[in-house]
């Protein structure tokens, strides 16, 4: 049994980049294909990211950010309100010398993006982080493969790389978006993952590490959904939900404005509760009428003898993902937006796997 103390903290960044190949207004998301040898969701297409390392919160970063950016916020602005933790979930007391979570998790996401995809979300140390337009990734340095190997072996080397390039992690380009806790189920490795979003003017060059990551695609939200339905890629429910949420935005500029206008709102972190029906699975999310915020559901599921269709028809207040099969998900949403965020629109699939919004 995996109690709260065994959960691993992680960060992931949804990279949305301008796409001039078809439409100047559109954007594409970077999805990395995980190796089949990975223990956690092998073969899935995911956003770049990984587990928080002690090196990400090391006070040694303070010297690199100085003198332009100083503790405790390093220019990120006022701290957003903290969401009450899920009952029974705690990570213990933080090291008082460590960087704040907001900073450390951003460094983690940036480091992992470099390790997995070879993309450097860095900014020259003397650059002003204030910007009215999306950021740009740094051109890959000479000796990319050697540096990446060093960082993979020892995350502390990422600080050395940044110092070598006279850059800092571009923490200001990463916006709070939300977060997901791995639900109780067959997956024994569970993560407390912060989701961040970064808008880039152009698609950077991507070089998969060919270890954890064996391929990648730049896809719009609608293209990613179509590829999932046609079994070209596989998405875990959180990635599917977030991709459908991003489908609310018609352009990169609209997405960037949205993120820039809500910096003080922060992001909600959700623990899905799994409801096992007689013929399927439903992931219940906060706000749904069947959702129960109780520590018991850190280590158990709900179950019913009813069919999925019955449960769906009975519902009035909904925030749920219905899992019909590994490649057929539906989203049911009736909640108004909160915290100046957006929810995905209803997404229903007919028997021929044609989606209806």
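Each position is counted from 1, following the chain as shown.
Cβ coordinates are placed from backbone N, Cα and C, and glycine is handled just like the others.
Swiss-Prot lists motif 'Nudix box' at one of the ranges 97-118, 119-140, 141-162, 163-184, namely 97-118. Looking at 49-71, 72-94, 187-209, the range tied to region 'Disordered' in Swiss-Prot is 72-94. Across the structure, residue 300 (N6-succinyllysine) and residue 34 (site 'Important for coenzyme A binding') place their CA atoms 28 angstrom apart. According to its DSSP assignment, residue 34 (site 'Important for coenzyme A binding') is in a strand. Residue counts for the motif 'Nudix box' (97-118) under DSSP, helix first, then strand, then coil, are 17 helix, 0 strand, 5 coil. Note on proximity: among 34, 40, 189, the recorded sites of the record, the Cα nearest residue 116 (Mg(2+) binding site) is that of 34. You'll find the Cα of residue 40 (site 'Important for coenzyme A binding') roughly 7 Å from the Cα of residue 189 (site 'Important for coenzyme A binding').
The CA atom of residue 189 (site 'Important for coenzyme A binding') is located 16 Å away from the CA atom of residue 34 (site 'Important for coenzyme A binding').
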